[in-house]
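Copied over from TrEMBL, here are the features:
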- 39-58: transmembrane segment (TRANSMEM)
- 70-90: transmembrane segment (TRANSMEM)
- 122-142: transmembrane segment (TRANSMEM)
- 154-172: transmembrane segment (TRANSMEM)
- 196-294: domain 'NTF2' (DOMAIN)
Amino acid sequence: MEEEDVDGTAESVLEFIESRTNLTVGSLRRPPLLSKTQISVIAALIAISAPFLIKKVLNGETIFNNNRVWLYGVVLVYFFSVSGTMHNIIKGVPMFVRDHQDSNKLVFFYEGANFQLGAEGFSVGLLYNVVGLLLAYVTNALVRVRNVSEQRVVMMLAMVVSLLAVKKVVYLNNWKTGFNFYTMAETNKGRSEEEVARAFVNHYYHLFDNDRFSLFTLYSSTSLLTFEGQKIYGVEDIFNKLKQLPFDQCRHLISTVDSQPSSMAGGCGGILVFVSGSIQLHGEDHPLRFSQVLTPLYL
C-alpha cells in the first residue's frame with residue numbers, strides 16, 4: 001500500500017501501518033457519541049420539560065408562532081439560494097484564495113467563468129437580497145403610507161438603489177465572463193432581425209479594424225469560430241486564436257450575413273448571427289476562409 005492510497009480514515013491508516021511494518025494492530029474501538037450517563041441526563045431533561053413544552057405549543061407561544069422568525073427565515077433561505085451556498089458546500093468552494101504572486105494578499109473575486117469563489121456568490125446574493133427586500137417593502141409597507149410625497153420619494157430611492165444593485169450584478173457577470181450585453185435603443189424595436197444583425201456585424205468589424213483587443217467582449221460561451229476547418233468555441237479560445245493572427249497584415253471580406261431568432265438568450269430578444277467570409281494575409285496567394293456564430297441581444 002502506497003502513501004497516496006491513504007484516504008485519511010482510521011481504517012486506511014491502520015492498513016498502511018500493517019502493510020509497512022508487518023505488525024498486527026488489532027481492531028479499532030469506536031466509543032459511542034454519547035455515554036450512558038449523558039443519555040440518561042438528556043432523557044431526564046426531556047421528560048421534565050415535556051409538559052411545559054406541550055403547554056407552550058397548545059397556547060401558541062413557540063418561536064414558530066412568531067411572524068418575525070418566519071420572515072427572517074425566508075430572507076435567509078432566499079439569500080442562501082441565490083448566493084450558491086449549496087454549490088459551495090457540495091463542491092467545497094473556498095470563500096477566498098491567496099494571491100499566487102503575493103501570499104500576503106487575499107483574492108475574493110476570480111476573473112474567469114470557469115471558477116467562482118464563495119465571496120463572489122455571497123456578494124451577488126446580497127445584491128439580490130437588497131432588490132428583493134426593497135420590492136417587498138414597496139409592495140407591502142409603502143402602499144400603506146398616506147403621504148403621497150413621501151411615497152414618491154421612497155419609491156424613487158428604492159428604484160435607484162435597485163438599479164445600482166442590478167447594474168453591479170451585470171458588471172460582475174461581464175467582468176467574469178468577458179461578455180457584454182449590447183442592447184439597441186428604443187427606436188430600434190421596429191427594426192428587423194436582419195437590420196440588427198447587419199448593425200452588429202458592422203460594429204464587430206469596426207472594432208476589428210480599430211480596436212481588436214475589444215473583440216472578445218462580443219463573444220459568449222456559446223460563440224463559435226470556424227477558421228480553415230478548425231472549430232473554436234467560447235470566449236477564451238476564440239480570443240487566443242484571434243491574437244495569433246497577424247491582423248496588421250490582413251484584410252477581411254464578408255460574403256454572408258444571416259440571422260434567426262434564438263432562445264439561448266432566455267427570451268430577451270436574442271438572435272443568432274452567422275457570418276462567413278475570408279481573410280487575405282499579406283504575401284499569401286489564397287485567402288483563409290472563416291465563419292462565426294455570434295449571439296447579440298436586442299430589446
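Each residue, glycine too, has its Cβ placed from N, Cα and C.
Beyond its flanks by at least six residues, the transmembrane segment (122-142) meets 75, 78-80, 82-85, 95, 109, 151, 154-155, 158, 161-162, 165-166, 168-169, 172 of its own chain at Cβ-Cβ distances under 8 Å. Per-residue pLDDT, averaged along the domain 'NTF2' (196-294), amounts to 70 for this model.
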